[in-house]
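*Asks:* According to TrEMBL, the record shows the following:
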type	residues	note
TRANSMEM	58-78	transmembrane segment
TRANSMEM	90-110	transmembrane segment
TRANSMEM	122-140	transmembrane segment
TRANSMEM	152-176	transmembrane segment
TRANSMEM	183-203	transmembrane segment
TRANSMEM	241-266	transmembrane segment
């Protein structure tokens, strides 16, 4: 079976540039299973390069998928628990939706960058964000399942939060090229990745541990004081929405600061090494 069929999967701009050349190469060589696999992989890469202009790199495409997943999960929960739409809670729902929409704008802007250095920086910052998400997810699970005393929970939670901020700083340090502005941008990206990944995990955990949350959340001061949402399943979902809203606003700001700090530390270290290397 010839591999020409796969050329139909490529975007139009790619076909205009390379179709005739690739057809010629395919006609001169025998077709193997690897040829078909290479053509399919090439089609995916061509769409990232030519066919999806706002999302020209894989990091942006994956994060955009995470944004869609978050919006979908949020919509499902709001449809299942309409009691959440109390007057005092609507602003938090709006913040949750608006923050994810704002993340979409950032992804589109980031996705337009095609140079290798920016792509590499986004990949590294994404990894740092996923490390932060793993720490946050583990801490959320601990908080839900642990019966440790309040001082212990405070110390462990503070340590986890500092570890997350460190991950954002590392993103700026390893990908910011010693520039505060670039470090801030990549720290923000890491924070956004962290937030989106943690949110998906939190929604899953909320579903799995619903019975557990219905036991522990009535002891929450926010549930006891000034709360009008007494339906426990609805309150557990609302509690998650409130956490997502606050973290979606806070984490990118902290990520920018930590990323800039990481980049500046790298720049300072480079200057010190350069000074020491100069002959006296």
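Easy rule for this one: first residue shown is 1, then count along the chain.
Backbone N, Cα and C define each Cβ position, glycine as well.
Please situate the listed features within the shown structure.
*Replies:* Listed as Cβ neighbours of the transmembrane segment (58-78) (distance under 8 Å, sequence separation of 6 or more from its ends, same chain) are residues 48, 52, 84-85, 93, 96-97, 100, 103-104, 107-108, 110-111, 119, 122-123, 126, 192-193, 196-197, 199-200, 203, 237, 240-241, 244.
With a threshold of 8 Å between CB atoms, the same-chain residues lying at least 6 positions outside the transmembrane segment (90-110) that come near it are 54-55, 57, 59-60, 63-64, 67, 70-71, 74, 78, 84, 118, 122, 188-189, 192, 195-196, 241-242, 244-245, 248-249.
Residues 120-122, 124-125, 128-129, 131-132, 135-136, 138-139, 142-143, 146, 182-187, 189-191, 194, 251, 254-255, 258-263, 265-266 of the same chain sit 6 or more residues outside the transmembrane segment (152-176) yet have a Cβ under 8 Å from a Cβ within it.
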